[in-house]
């Protein structure tokens, strides 16, 4: 089996259009069977991920990415804050940030590995249910027990 790549579409513009082109890239394949001498050209289409957001014209994907990074940096900063200033404000901030961070992370895993419209809807519903139960459980723990900061301190002390 031989693969034929149209290099002329890439060479005249450099490498950048290969990754940032909004159109689909084509790669015809030539498959031969042993019994027949004719070859059957097959076409494989590669969808670029930038084409998913190119038509929307909004900056929603960029803002979401920035929000994910801000929450990650805030979680790094909340570690020392929870150690030096344990209290309800830090406990509830940790509950919200941990839940949001986990929600976005599992959402990316679902985006990558769940395919098919009904499966995606069920997975997203399960994710929202899991995130809601997680946040409610952390808030319940903060209100009725020692809180996240004191619980981690108690785990480290023993």
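Glycine is no exception: its Cβ is also placed from the backbone N, Cα and C atoms.
Feature annotations, reproduced from TrEMBL:
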- 101: heme b binding site (BINDING)
- 113: ubiquinone binding site (BINDING)
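A distance of 19 Å separates the Cα atom of residue 101 (heme b binding site) from that of the residue listed as 'ubiquinone binding site'. Within the same chain, no residue at least 6 positions away from the residue listed as 'ubiquinone binding site' has a Cβ under 8 Å from its Cβ. Cβ neighbour count for the residue listed as 'heme b binding site' (all protein chains, 10 Å cutoff from its Cβ): 15.
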